[in-house]
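Read through the structure below, which is laid out as structure tokens, and then see the notes.
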Amino acid sequence: MRRTRQCCIFQNRKGIKKYFGNRFGIQLRNMRPWLFLAPSLAGTAIFVLIPFVNVVVRSFFQAVGGQFVGMENFIQVFHSQAFRLAVKNTLHFILVCIPVLMAFSLWTAVLVTAAADSRNLYKATLLLPMAIPVASVVLLWKLLLYPQGLLDQLAVWAGGREQDWLNQGSAFYILVLTYIWKNTGCDMMLWLAGLDGIPKELFEAAKVDGAGSWQSFFHVALPGLKSTAFLVLALSVVNSFKVFREAYLISGDYPHESIYMLQHLFNHWFVSLDIQKMSAASVMVETSILIPVLLWTWKRKKR
């Protein structure tokens, strides 16, 4: 009887250990992805989220003295002529560049997909601008477009006169061309990934039904590229804010007013230590970007 009771106790202990051991193992397996993500999440929190919250808080206070001023910083920024000019030029740049870049990169992706034999060669050629340093591109533009540069020499030879191409309205289109040339390869690769993800059976079925190339593109390819289009749009907008390097290296602190972007304004405020204005403007820009993205995401989930 005593031996039977000891055996039961031993079996119960063994069962309890097995139960808690299995449960701990399941919890450990469930936590494993989070353990791998922990360094990235910690880095994002330290270098992105916490500074962003700090900027939002600073936008409601004076930089000197730390006095709470409410919406005064936002009102000053909104009435700033430099801020309004920078916002207008930035929106103009985005509205011109993004549609052209998306359409052109999609067109190149379709051409590369059709050219099966030379596909790798075309991809390498279109991706080459991404490997060229910005300073080299700027040096090329200066050799071509500065007064007494190559383009001016050709204009004088043809009977024209010298012009400073980088300090007039043409500077905007030079910057647009630089942006499109630099980012076409990246967007093309995203479109190629989206096209490769569309089942080939759909194109074959459309061909059997008598659809031509254009009909297959508009009724099969484009509907299958909706998610890719949103990704390309988001990354293109993000990359459009990086043209500050080109504009700054070409024209310095005070470029022609057509290419005076938000980045120039933030740079001036940073140099002058006008932290409260810079914080308020940053919050306004982030909010104007975040609201459309959240609305689009909400509508997409609602569908």
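Positions of Cβ are set from backbone N, Cα and C atoms, glycine also.
TrEMBL annotations:
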type: DOMAIN; residues: 87-296; note: domain 'ABC transmembrane type-1'
type: TRANSMEM; residues: 34-53; note: transmembrane segment
type: TRANSMEM; residues: 93-114; note: transmembrane segment
type: TRANSMEM; residues: 126-145; note: transmembrane segment
type: TRANSMEM; residues: 217-238; note: transmembrane segment
type: TRANSMEM; residues: 278-298; note: transmembrane segment
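Sequence-distant contacts of the transmembrane segment (126-145) (same chain, at least 6 residues past either end, Cβ-Cβ under 8 Å): 108, 112, 151-152, 165-166, 174, 178, 181-186, 188-189, 245-246, 249-250.
Only residues 6 or more beyond the boundaries of the transmembrane segment (93-114), in the same chain, are considered here, and those with a CB under 8 A from a CB of the stretch are 122-123, 126, 172, 175-176, 179-180, 183-184, 187-188, 190-192, 195, 217, 221, 225, 229, 232-233, 236-237, 240, 243, 259, 261.
Beyond the ends of the transmembrane segment (217-238), by six or more residues, the same chain brings 94, 97-98, 101-102, 105-106, 110, 183, 186-187, 190-191, 193-195, 197-198, 202-203, 206, 211, 289, 293, 296 to within a C-beta distance below 8 angstroms of the stretch.
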